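Structure first, commentary second.
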């Protein structure tokens, strides 16, 4: 028996991540078996025939929880009345493109998306940004949705966290469930800091269990930071199914209270925690308690951790300053 309904916008819905994602939302994996789902699927005009094919497949699955599908290239229509906006689509970086070019192109997209969310979404809307560079895209969207509380904007480092947990579990020879409190700090980029010092394996320090600091500092950190590029090299295209899985997991973290002794990584607006500039979208260790998202406090860094933390923080400052100079922030 269902007792509530959620309307979800998915941008880039006919893309590889979108295709891997929407069926799992419709089946109840994101919001649970008691929540009916309406899907507002957004694509560019040329991709609408492909999107209609996705909608046909959704129909053919006969998901009991899926009550409505809207396929559109109209951004305002896509955001109409949505409770969740999953901003998956973005322009990928192409050869010869500077990072500032990427920020400018996507900045225009996420400016419009923020405005549409502000003007058309439900009063309780929450926004989960996946399209890269996701931290700064989230910052731009948030900046252009002034009527939406800033604590309802998130960007995804869930995939990075899951990658890191897997690497630690494999190295330690333990089940994936044994690895907890695996924090990704900072930017969803190659500067991110996967904090193995504060991670736990069966409740004990991961560094102590693995007892190979050289592997942790060099192989582990670089493997997590470069995993996306490694997948592209092996598969010929970027992570799609694993990214979709991480979106499911990430949103689930945000709608379900966190078990005792656990935490998860999430990019959210800084309120000055750990010395991060207020207003930056930064990945922190988080917990959801009684429906409220809180940053885990009082974690400590050694010199190695502090250096990595500062590197990713400085990159996010640089991205913010770049988009500000481009007129994409107030």
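Each Cβ is built from the backbone N, Cα and C atoms, and glycine gets one as well.
In the record from Swiss-Prot, residues 12, 13, 14, 15, 16, 17, 18, 106, 130, 131, 132 bind NAD(+); the candidate from 113, 115 listed for the same site is 113.
Of the listed binding-site residues, namely 16, 113, 132, the sparsest CB environment within 10 A is found at 16. The CA atom of residue 188 (active site, proton acceptor) is located 8 Å away from the CA atom of residue 132 (substrate binding site).
Put simply, of the binding-site residues 16, 18, 113, the one whose Cα is nearest the Cα of residue 99 (substrate binding site) is 113.
Between the alpha carbons (Cα) of residue 132 (substrate binding site) and residue 16 (NAD(+) binding site) lies a span of roughly 14 Å.
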